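**Q** Structure provided below as structure tokens; questions to follow.
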Amino acid sequence: MDKRFAVILAAGKGTRMKSKLYKVLHPVCGKPMVEHVADEALKLSLAKLVTIVGHGAEDVKKQLGQKSDYALQAEQLGTAHAVKQAKPFLHGEKGVTIVICGDTPLLTAETMEAMLNEHTDKGAKATVLTAVADDPAGYGRIIRSEDGAVQKIVEHKDASEQERLVKEINTGTYCFDNEALFRVIEQVSNENAQGEYYLPDVIEILKDEGETVAAYQTGNFQETLGVNDRVALSQAEMYMKERINKRHMQNGVTLIDPMNTYISPDARIGQDTVIYPGTVLKGQAEIGDECVIGPHTEIEDSSIGSRTVIKQSVVNRSKVGNDVNIGPFAHIRPDSAIGNEVKIGNFVEIKKTQFGDRSKASHLSYIGDAEVGTDVNLGCGSITVNYDGKKKYLTKIEDGAFIGCNSNLVAPVTVGEGAYVAAGSTVTEDVPGEALAIARARQVNKEDYVKNIHKK
């Protein structure tokens, strides 16, 4: 197989987005558009990926990192000019180069693979990905000869009235023989209505040289959607959400209301899990088998075990075990690890805490910067007092300990194995194992106190 290369065009400013955020960094289902494009392209076993950057270059580099090399297009002088900036990386290489727009987040590796196969089968020097649009206004048109071969591609602004009637459009995705591309691109001129160097002109030059030019028509116009404004962004979001949700349902996940369920492209969900409306799964969220998630639950970059129930709660950058019950209205903050068969109840906040198997915090508690052992019971209103205004300190609660209601554990402090803390205590010193800690004022009852104050 020939070497494969890809060039992502991501240098446009995107003024129609009316945003301070660089266009290709606008997220679709929680993931920047350009990263959708890069991840799909990388599935094609590329020898090299080059992203053309301009406005917001550093932000794009930060987002894609080591996935790509980068070439700067300092002035936006057209698509051919943009591709030309990749010449230092690709000039002289033998193989096939795919050119993709960074604002086409719905384009799949499967479609690009089909285009590459068409390119190879036809022995073409260039192949364009086309689609049929009900309303082709604004798109370049594919002009074919009588025998059906691609004759040229005409930009909308340069098209004649007759050419504008054509509904087969240029999607802006191409593949080229790499050596032919960088030879011919030097011949492209800017003699057109926009005064720009158009990449489709490479097709016409190759055609004039007698080279074979092919076209692969995808049957899915939605997949080729280019995002240029917030309306198109919302359409891309809708189409991507439908695609993601359909894939999970086909893999054995029940979505009670797919229209109101939001799942990241990179999320993984096990079979027989049920997702209720209002659930948002972000980033690298991973859900096990037979879970119940939602309604109104947000899980981000977290791993959830099997048979776990999470209702009306938030889990962020944490790990949750099997057979756990969380919520309603619980918050698992970053760097927490929740064991198996745990209960985290209503209005409980866990932060940077190791929470052992079968332990419980059922109501109205804050457990932060703590190590909680197995079989621990934290009563209603249990608080780890972890911050002195300058520094956070660790609280250790060992296996089998029992913390009574409305107790404050002032860190750094350790409650030993099997120890009890009496309700209402403020514990400032370590509690030995099997001991009872009582740290509260002794109750005093003053007889007839109320009667006497009313006499005054």
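Positions of Cβ are set from backbone N, Cα and C atoms, glycine also.
Okay, so Swiss-Prot annotates it like this:
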| type | residues | note |
| --- | --- | --- |
| ACT_SITE | His363 | active site, proton acceptor |
| BINDING | 9-12, Lys23, Gln73, 78-79, Gly140, Glu155, Asn170, Asn228, Arg333, Lys351, Tyr366, Asn377 | UDP-N-acetyl-alpha-D-glucosamine binding site |
| BINDING | Asp103, Asn228 | Mg(2+) binding site |
| BINDING | Asn386, Tyr387, Ala423, Arg440 | acetyl-CoA binding site |
| REGION | 1-230 | region 'Pyrophosphorylase' |
| REGION | 231-251 | region 'Linker' |
| REGION | 252-456 | region 'N-acetyltransferase' |
**Q** List nothing but the one residue from Asn170, Asn228, Asn386 whose Cβ has the fewest other Cβ atoms within 10 Å; the candidates are the binding-site residues.
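**A** Counting other Cβ atoms within 10 Å of each of the binding-site residues Asn170, Asn228, Asn386 gives the minimum at Asn228.
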**Q** Do me a favour and check the Cα-Cα span between Gly140 (UDP-N-acetyl-alpha-D-glucosamine binding site) and Asn386 (acetyl-CoA binding site); whole Å is fine.
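**A** Gly140 (UDP-N-acetyl-alpha-D-glucosamine binding site) and Asn386 (acetyl-CoA binding site) have their Cα atoms 62 Å apart.
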**Q** Would you identify the secondary structure of Arg440 (acetyl-CoA binding site) according to DSSP, in three states?
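**A** Note: Arg440 (acetyl-CoA binding site) is coil by DSSP, not helix or strand.
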**Q** So what sits near His363 (active site, proton acceptor) in its own chain, CB-to-CB under 8 Å and at least six residues off in sequence?
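**A** His363 (active site, proton acceptor) has long-range Cβ partners Gly345, Asn346, Phe347, Val348, Cys380, Gly381.
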**Q** If I take the alpha carbons of Arg333 (UDP-N-acetyl-alpha-D-glucosamine binding site) and Tyr387 (acetyl-CoA binding site), what is the distance between them in whole Å?
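**A** Here the two Cα atoms lie 16 Å apart.
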**Q** Name the residue among the binding-site residues Leu9, Ala11, Ala423 whose Cβ has the smallest number of other Cβ atoms within 10 Å.
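**A** Comparing Cβ neighbours within 10 Å for the binding-site residues Leu9, Ala11, Ala423, Ala423 has the fewest.
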**Q** Give me the long-range Cβ neighbours of Tyr387 (acetyl-CoA binding site): same chain, 6+ apart, Cβ under 8 Å, in sequence order.
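**A** Non-local contacts for Tyr387 (acetyl-CoA binding site): Tyr393.
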**Q** Using Asn228 (Mg(2+) binding site) as the reference point, find which of the binding-site residues Ala11, Lys23, Asn170, Asn386, Arg440 has the shortest Cα-to-Cα distance to it.
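**A** When the Cα distances are compared, Lys23 comes out closest.
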**Q** Please spell out the DSSP helix, strand and coil residue counts for the region 'Linker' (231-251).
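**A** Helix (H, G, I), strand (E, B), coil: 20 helix, 0 strand, 1 coil.
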**Q** Please list, in sequence order, the residues in the chain of Gly78 (UDP-N-acetyl-alpha-D-glucosamine binding site) that are at least six apart in sequence and whose C-beta is under 8 Å away from its C-beta.
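**A** For Gly78 (UDP-N-acetyl-alpha-D-glucosamine binding site), the qualifying residues are Asn190, Gln194, Glu196, Tyr197, Tyr198, Leu199.
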**Q** Using a Cβ-Cβ cut-off under 8 angstroms and a sequence gap of six or more, which residues of the chain neighbour Tyr366 (UDP-N-acetyl-alpha-D-glucosamine binding site)?
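**A** Tyr366 (UDP-N-acetyl-alpha-D-glucosamine binding site) has long-range Cβ partners Val348, Glu349, Lys351, Ser382, Ile383, Thr384.
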**Q** Closest to Arg440 (acetyl-CoA binding site): which of the binding-site residues Leu9, Ala11, Lys23, Asp103, Asn170, going by Cα position?
**A** Lys23
**Q** May I ask for the distance between Leu9 (UDP-N-acetyl-alpha-D-glucosamine binding site) and Asp103 (Mg(2+) binding site), taken between their Cα atoms and rounded to an integer number of Å?
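**A** A Cα-Cα distance of 8 Å.
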**Q** Using C-alpha positions only, work out which of the binding-site residues Ala11, Lys23, Asp103, Asn170 is nearest to Ala423 (acetyl-CoA binding site).
**A** Lys23
**Q** Could you state, as a whole number of Å, the largest distance between Cα atoms of any two of Asn386, Tyr387, Ala423, Arg440, the listed acetyl-CoA binders?
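**A** That value is 22 Å for the farthest Cα pair.
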